[in-house]
């Protein structure tokens, strides 16, 4: 193996381990906290977490083996199943992010009617659509034998090894990425830009009230005034940073891989094998970033997993105290003798 292949294999191992750990933490928080389970967005996050976990235990290990052995790491049946799952899980993840953005849009733009427009039944219907949408493309690909080991990405994914099917495969790939990546990106941009518009409007109203208050309080200390102005600046930037993170991570992780898949269809452009694996690793990195972007860095999830840690530590300290007390009681008769 070359130094590049060793480095790429190491990156896949790190992505796989971090994705497993982070998504398991999200799952633990969901199971531990009743408040998180009651929230409608929790269903979308749970679906996204399962997609990321399955990606980490199915597609990533075979890609790692493909990099190491430079060939198909398993039998045809296993590779077909993993390729089917990879296509399904990637599409499902994209649509789950779009569903989360729609939920945020309704919550921010229509706050008074949110509970009537976004109920558990509505969330279940949206998830049902994402599953049907996500399953349709790999079913078609599998029926046409367009799933297998792709050397450019060292993974089991969509691929066509029959020259006579090239035109149909090009059309299928274009439609697939248009109705998965492009559709999700359009929904993300539309909904989050609407959310940003509302957030900026509320920030302006709060800023006007703050400035009027500062003008009236003529005796206020300069340091307090400066803190108020600094909080204004942070408030204006907070929504922009969050929305930029949602859209930016989606584009950064998926766009290189999708563009590479589309460019690959042209016989004119030659794609370096290392770049193919790098673009695949970027797509895998979404399974690592999602738990932090959508869950673990939020206050409710932080509080939940801290409570879990404290409960575990408290239980272990109680058990150790009990063991110490038991050993002390056993030693007392020996001392009396």
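Each residue, glycine too, has its Cβ placed from N, Cα and C.
Look at TrEMBL and you will find 22-294 tagged as domain 'G-protein coupled receptors family 1 profile'. Looking just at the domain 'G-protein coupled receptors family 1 profile' (22-294), the mean pLDDT is 87.
What TrEMBL records for 6-32 (among others) is transmembrane segment. Sequence-distant contacts of the transmembrane segment (6-32), counting only residues of its own chain at least 6 positions beyond either end whose CB sits under 8 Å from a CB of the stretch, comprise 42, 45-46, 49, 52-53, 55-57, 60-61, 63-64, 67-68, 274, 277-278, 281, 284-285, 287-288, 290-292, 295-296, 301, 304-305, 307-308.
Per TrEMBL, the feature transmembrane segment maps to 44-69 (among others).
The transmembrane segment annotation in TrEMBL covers 81-102 (among others). Residues 41, 44-45, 47-48, 51-52, 54-55, 58-59, 62, 74, 123, 126-127, 129-131, 133-135, 137-138, 141-142, 147-149, 155-159, 176, 180-181, 183-184, 187-188, 191-192, 246, 250, 254, 283, 286-287, 290, 294 of the same chain sit 6 or more residues outside the transmembrane segment (81-102) yet have a Cβ under 8 Å from a Cβ within it.
Taken from TrEMBL, the feature transmembrane segment covers 123-149 (among others).
Residues or ranges marked as transmembrane segment in TrEMBL: 169-195 (among others).
Residues or ranges marked as transmembrane segment in TrEMBL: 243-259 (among others).
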Long-range Cβ neighbours of the transmembrane segment (169-195) (under 8 Å; 6 or more residues past either end): 90-91, 94-95, 97-98, 101-102, 104-105, 108-109, 133-134, 137, 140-141, 144, 146, 158, 160, 239, 243, 246-247, 250-251, 254-255, 258, 261-262, 265
